[in-house]
């Protein structure tokens, strides 16, 4: 295999491993970019106050925006030396790991300072985590296997579990 074919094959197996289609991957990336923009704008707005918890939540939201940009669209941070390394590591994460990370990042400022600005600023970043969480559930089953499950006899389920109506385990 030549060096030109290897990255394409690696990318193909990575796409098949996580079960995400190309369009769903783009939806997640676009949601990450929009979530980063909303976090940055709301974070700056949240910092314009005298309350220290609001300032801390605003700074955290700005950091969330930077992390979202580094992980989802590293070409926006092309002058940051470690951006490609962070993006490569983020691409290796499974969707459930990204979901946990993004949702946790989005919830922390809300716990610091519960306000409309923190709620709406982190909503799209949290939605990005939800999208990755849904991707980790996998594809839905096909109609044929679902129809087979619906037409199984109730006795078949008892045979599989090894119990009958009179027995209790």
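From the backbone N, Cα and C atoms, a Cβ is placed for every residue, glycine too.
Values in this document were obtained by computation on a predicted structure and should not be read as measured data.
Copied over from TrEMBL, here are the features:
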TRANSMEM  26-45  transmembrane segment
TRANSMEM  57-87  transmembrane segment
TRANSMEM  99-132  transmembrane segment
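If you look at the transmembrane segment (57-87), the same-chain residues 6 or more away from its ends with a CB under 8 A from one of its CBs are 28-29, 32-33, 35-37, 39-40, 42-47, 49, 98, 102, 105-106, 108-110, 112-113, 115, 118, 121-122, 125, 128.
If you look at the transmembrane segment (26-45), the same-chain residues 6 or more away from its ends with a CB under 8 A from one of its CBs are 20, 57-62, 64-66, 68-69, 71-73, 102, 106, 109, 117-118, 120-128, 131-132, 135.
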